[in-house]
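Data block below; observations after.
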Amino acid sequence: MSLRVHTLPTLLGAVVRPGCRELLCLLMITVAVGPGASGVCPTACICATDIVSCTNKHLSKVPGNLFRLMKRLDLSYNRIGLLDSEWIPVSFAKLNTLILRHNNITSISTGSFSTTPNLKCLDLSSNKLKTVKNAVFQELKVLEVLLLYNNHISYLDPSAFGGLSQLQKLYLSGNFLTQFPMDLYVGRFKLAELMFLDVSYNRIPSMPMHHINLVPGKQLRGIYLHGNPFVCDCSLYSLLVFWYRRHFSSVMDFKNDYTCRLWSDSRHSRQVLLLQDSFMNCSDSIINGSFRALGFIHEAQVGERLMVHCDSKTGNANTDFIWVGPDNRLLEPDKEMENFYVFHNGSLVIESPRFEDAGVYSCIAMNKQRLLNETVDVTINVSNVTVSRSHAHEAFNTAFTTLAACVASIVLVLLYLYLTPCPCKCKTKRQKNMLHQSNAHSSILSPGPASDASADERKAGAGKRVVFLEPLKDTAAGQNGKVRLFPSEAVIAEGILKSTRGKSDSDSVNSVFSDTPFVAST
C-alpha cells in the first residue's frame, strides 16, 4: 500500500483542464482577499472602480464598508455638520480627493483628517464655517488644493494652515474676511508653494502696502482681489496698475470688477472703477513711492555694493535671465563684465555704483519649458553718500551750536537774578540803611525826638510832624448837615502829638495803634 501526496497544483492539473488553470488561480486569489479588504458599494452610493459618490443621501457620517482603496469620495449635499476625529471610522490611505461641499459644516476639530493623510484636494466649500484655527489641517502634508469659498469665515488663525508645505491653491472667495491674510506669505507659517490665492468678494477695504513687497512676483501674479469694497487710494491704484502692466491675469481678466468707494462727505459715497485712468488723479511721486515700496525703484550710493533681484512671475526653475542696461548693454550670467555680475537666479550685482550707472535696467526672464517670458523694469538711482553726510553733519553742528548758546544765556540770566554776590561793605551799608529807616519810622510815630538822635533825624522827625499839625478847619458854621463825631478834634490831636520824653518808642506806637475803640459823643 503506497501513500501518494498531492499538492494543490498537482490536484488542479489532474482535475482542471490546462486552459482553465489561470482562471481558477485568479478566482482563488479574489476569494482569499475577501470583502473585508475590497469592501462593497453601499446602497446609498454609486461606485465606479476607485471613485465613490454618495451625494444627497442625508448621511451624517462616512459609511464604514466603503472600498478602502478608493481615490475619490464625493459626500456633498449631506448632513455631516461636524468634523471630529471619529467622523471617518476607517482609514483610507489611497484617498486623494474628498468633496464635502453643502454639508452645513460649522466646525473642524484637530485630528479630523488623521485617517486621510494622503489627500491632495479637499473641498469644504459652501458650508457654514466661521473661523479656521488651531492647525486643523496639519495632518495633510501633501495637500495641494483647498477650497473654502462660500463660507462665513471672518477670521483665519496664522497657524491654521501650518504644515501644508505643498499647498498650491487656496480658495477663500465669498467669505467675511476684513483683512488680507498676509501670514500666508510672510512669517513662521508662510506657504512657499502657494501660487494661487482667491480672496475675491470678501470685505477687505485696503491692502498692506508696506508688506506686499515681500511677496515674490511668482506668487503675486496668483492673488485675486476683485469684488472687495476697497477705499479709493493712490497706493492701491499704483499696485493694481503695476500688476496690469505686468499682464497679471488676476487683473487683466477681472479689470471691471475692481471697484473702490469714493466718499464725498461722511454720509455720501459713490462706487467707481478703480482702474480708470482719469478719475484717481494720482501724482507721479505717489506712484513712484509705491513702486519703490514694491522693490522696483532702488537707491544706490556711490561706491557701495548693490544687489537687485529679478522679481519675475515665471519663477526660477528652468528659467534663464539676462539684463539690459541703460546703455543697451547686455548683461548675462557667468560673463566677465566691468562692475557688474549676474547670478543664475536672476539677481544683478553692481559692485561699485557710479553716477553713470543710474537708469532703467530691464530683466528678461525666459522659461523654455513653460514657454513663458517676462520683462521686468527696475529703476536705479545713484547718489553720493559723502556729500549728503557732510551736509547733514554741517546742519547738525549749526543746530547744536545754537542750542548750546541758548542754554548758556539762560543759565547766565538765572545766575544774575538769584546768585549775585554781595561784598561785606555792601552788607554794612545795607544794615545802616535799615537802621535809618527804623529810626525814621520811630520819629514819625513818637511825640518828640529821642535824646540821642542826631540833628538830621530831628529835622526829619519835625518835617514828618507837620502832617499831623495841620490846622483844623472850623466847620461849625457850615457843616451842611454833617454830624461832627469829635467835637474836640484839636485837643485829641494835641494829645496824640504831645511829646513825653519818658516814654519809649514802643509805648508811642502802642498808643497810636491801640485796640481801644473811639466812642462818638453826641
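Backbone N, Cα and C atoms are what each Cβ position is placed from, and that goes for glycine too.
The residues of the domain 'Ig-like C2-type' (289-379), classed with DSSP into helix (H, G, I), strand (E, B) and coil, number 8 helix, 40 strand, 43 coil. Residues or ranges marked as domain 'Ig-like C2-type' in Swiss-Prot (evidence: sequence analysis): 289-379.
What Swiss-Prot lists as N-linked glycosylation site is Asn104 (among others). Sequence-distant contacts of Asn104 (N-linked glycosylation site), defined by Cβ-Cβ distance under 8 angstroms and a gap of at least six in the same chain, are Arg79, Ile80, Gly81, Asn127, Lys128.
Feature annotation from Swiss-Prot assigns N-linked glycosylation site to Asn281 (among others). Note on Asn281 (N-linked glycosylation site): other Cβ atoms within 10 Å of its Cβ, all shown chains, come to 8.
Sequence annotations record features per position, and here Swiss-Prot assigns N-linked glycosylation site to Asn288 (among others) based on sequence analysis.
Annotation source Swiss-Prot lists N-linked glycosylation site at Asn345 (among others), citing sequence analysis.
Summarising the annotation, Swiss-Prot assigns N-linked glycosylation site to Asn373 (among others) and lists sequence analysis as the type of evidence. When Cβ atoms from all protein chains are considered, those within 10 Å of Asn373 (N-linked glycosylation site) total 14, not counting its own.
Per Swiss-Prot, the feature N-linked glycosylation site maps to Asn381 (among others). Cβ-based neighbour count (10 Å, all protein chains) for Asn381 (N-linked glycosylation site) stands at 13.
Among the features that Swiss-Prot reports, N-linked glycosylation site is placed at Asn384 (among others), with the record citing sequence analysis. Cβ-based neighbour count (10 Å, all protein chains) for Asn384 (N-linked glycosylation site) stands at 12. DSSP assigns Asn384 (N-linked glycosylation site) to coil in the three-state reduction, outside any helix or strand.
Taken from Swiss-Prot, the feature repeat 'LRR 1' applies to 69-90. Secondary structure of the repeat 'LRR 1' (69-90) per DSSP (helix as H, G, I; strand as E, B; remaining residues coil): 0 helix, 5 strand, 17 coil.
Residues in the repeat 'LRR 2' (94-115) partition by DSSP class (helix H, G, I; strand E, B; coil) as 0 helix, 5 strand, 17 coil. According to Swiss-Prot, the repeat 'LRR 2' annotation covers 94-115.
For 118-139, the entry in Swiss-Prot reads repeat 'LRR 3'. Averaged across the repeat 'LRR 3' (118-139), pLDDT for the predicted model comes to 92.
If you look up Swiss-Prot, you'll see 142-163 marked as repeat 'LRR 4'. Across the repeat 'LRR 4' (142-163), DSSP assigns 0 helix, 5 strand, 17 coil.
Long-range contacts of the repeat 'LRR 5' (166-187) within the same chain: residues 125, 141-154, 156, 158, 193-205, 207-208, 211-212, 214-215, 219, 224-225, 227, each at least 6 residues beyond the stretch ends and with a Cβ under 8 Å from a Cβ of the stretch. The repeat 'LRR 5' annotation in Swiss-Prot covers 166-187.
The repeat 'LRR 6' annotation in Swiss-Prot covers 193-214. Residue counts for the repeat 'LRR 6' (193-214) under DSSP, split into helix (H, G, I), strand (E, B) and coil, are 4 helix, 3 strand, 15 coil.
Positions annotated as signal peptide by Swiss-Prot: 1-39.
Under the heading topological domain 'Extracellular', Swiss-Prot lists 40-398, citing sequence analysis as support.
Beyond the ends of the repeat 'LRR 4' (142-163), by six or more residues, the same chain brings 101, 117-136, 169-178, 181, 183-184, 187-189, 191, 198 to within a C-beta distance below 8 angstroms of the stretch.
Among the glycosylation sites listed here, namely Asn345, Asn373, Asn381, Asn384, Asn381 has its C-alpha nearest to that of Asn281 (N-linked glycosylation site). For the repeat 'LRR 6' (193-214), the list of distant contacts is 149, 165-182, 184-186, 220, 222-231, 233, 235-236, 239, 254, 257, 290, 293-295: same-chain residues at least six beyond its ends, Cβ to Cβ under 8 Å. Each residue contributes its Cα atom, and for Asn345 (N-linked glycosylation site) and Asn384 (N-linked glycosylation site) these two points are 29 Å apart. Straight-line distance linking the Cα atoms of Asn373 (N-linked glycosylation site) and Asn384 (N-linked glycosylation site), rounded to a whole number, equals 36 Å.
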